[in-house]
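Lifted from TrEMBL, the feature list:
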- 1-21: region 'Disordered' (REGION)
- 1-13: compositional bias 'Acidic residues' (COMPBIAS)
- 40-374: domain 'Peptidase S8/S53' (DOMAIN)
- ASP49: active site, charge relay system (ACT_SITE)
- HIS86: active site, charge relay system (ACT_SITE)
- 234-270: region 'Disordered' (REGION)
- 245-258: compositional bias 'Acidic residues' (COMPBIAS)
- SER337: active site, charge relay system (ACT_SITE)
- 389-433: region 'Disordered' (REGION)
- 395-433: compositional bias 'Acidic residues' (COMPBIAS)
Amino acid sequence: MKEYDDEDEDEEGSGLPERRRLQWDKRVQDIEEVHEVTEGEGSRIAIIDSSVYADHPDLDEVVNRDLSKNFTSDGKGFFAPGGGDHGTHVAGIAAATNDFDGGRGGVLGVAPETDLLALRVFSPTAENSGANSAIIAAIMDAADKGCDVANMSLGFPEIFTNPRFYEGLLPIKEMFDRAVAYANERGTVVVNSAGNDGDDPGLDGTDLDPKRVLGIPTEAEGMFVVSATGPIGFLWDDEPRTGEGDDEEEDDEDDGEYEGLPPLRQPTTQPAKYTFYGGSVIDVSAGGGNFDPEASTEFGDGDADKPKYFYDLVLSTVFSQQNGEVSAEYGFKAGTSMAAPQVAGAVALARSLRPDLSVSEVEDAIRNTASDIGEPDFRGDGHLDLTALVARLSDDDEDDDGEEEDDGEREDDEEEEEEEEEEEEDEKEEEDD
């Protein structure tokens with residue numbers, strides 16, 4: 001994995017390659033500082049989704065091809081390009097390694113040193129594409145293969161709008177209850193996206209309608225559920241730009257490519273307008289992106305060969321297919337699908353530091369270190385904070401080491417005292433003789 005240090009920076013910019021600069025979701029988490037503590041070494045993530053393109057340069061070193069598997073009936077392997085690149089995008093958010101050598105660089109995931117299993121449950125041709133049975137089998141397989149976390153960016157939307165529909169789906173919910181319990185008992189955290197079919201609720205939650213906020217498998221007992229947030233503005237302060245930005249100083253330097261776009265104003269924790277919500281079900285929120293048509297570059301005359309950027313969406317790994325040839329690409333997407341793998345990566349970081357933690361302890365660590373920024377209906381216990389998470393677990397690990405050393409010192413002291421007592425008894429016996 002490539003690294004970029006302070007020597008690469010200048011006074012006006014971040015020093016990061018172009019694509020890394022566009023990863024607002026990672027930059028707001030200070031991901032480079034997090035990776036100074038851990039990059040997810042020794043952990044394992046399962047991506048239960050559509051195809052993961054393992055030959056992508058930013059995924060090649062992280063995908064475990066031997067343990068990846070197809071759970072559909074299409075007779076293909078874990079990669080079937082006709083089914084779309086959603087799974088590849090999700091995998092990159094969680095674990096991309098930033099190994100692409102091209103001019104604009106690659107992208108970086110939350111846990112680039114993890115071991116990633118691609119468990120495919122969607123197919124362009126199979127009748128059981130996305131079937132409950134396939135998804136449940138994949139959850140159990142992830143647990144059997146020792147995954148620390150299984151990520152699912154999938155679900156059935158708006159199931160509670162019709163009470164009869166709800167009652168009919170209860171047996172399916174119970175199936176997922178058992179599958180998640182099976183995984184949890186074997187140490188696997190199961191993360192799922194909250195869903196994208198929410199209304200556009202007011203930020204105070206006054207129009208909260210509990211019949212419109214949940215879905216399967218989000219409803220399953222034991223599921224760790226993630227809602228989505230996105231940036232308010234569109235660019236980071238260190239990027240050259242023109243145009244007016246709200247409450248920000250103007251930069252007269254004209255870069256052309258960023259012309260007219262306002263800067264990104266922190267925080268990037270505005271609830272996304274599409275995200276499902278409900279404080280009793282959402283565990284935390286994470287960056288999933290918004291979609292504002294104005295937050296993108298516009299092609300002009302002679303600019304058709306330039307990449308189009310969507311500054312408030314999440315940039316990650318994708319692929320394209322033409323005439324049977326598959327090519328590695330990078331693309332922007334938004335959704336709670338993009339928020340869930342941020343948390344799956346966080347689980348990998350946590351288990352990398354503390355492999356002894358139980359499922360509930362890992363989940364509590366993520367909740368307890370989440371940023372408390374209000375609006376619990378949208379973000380449960382808060383917004384994902386990777387810096388606070390690794391700091392907390394690193395401190396806990398050092399405390400445990402200290403306790404072990406203290407225990408060892410106490411044992412040594414006790415042994416020395418016993419030896420001294422034995423010597424004193426021997427001396428007394430000699431005197432008596």
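Glycine is treated like the rest: Cβ placed from N, Cα and C.
Because the structure is a prediction, the values reported are computed rather than measured.
Structure with TrEMBL features highlighted.
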residue : record                           : DSSP (3 states)
ASP49   : active site, charge relay system : strand
HIS86   : active site, charge relay system : helix
SER337  : active site, charge relay system : helix
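Counting only residues at least six positions away in the same chain, the Cβ atoms of ASP49, SER50, PHE122, SER153, LYS333, SER337 sit under 8 Å from the Cβ of HIS86 (active site, charge relay system). Note on SER337 (active site, charge relay system): other Cβ atoms within 10 Å of its Cβ, all shown chains, come to 29. Model confidence over the domain 'Peptidase S8/S53' (40-374) stands at 80, taken as the mean pLDDT rounded to a whole number. Cβ neighbour count for ASP49 (active site, charge relay system): 28 (other Cβ atoms within 10 Å of its Cβ, all protein chains included).
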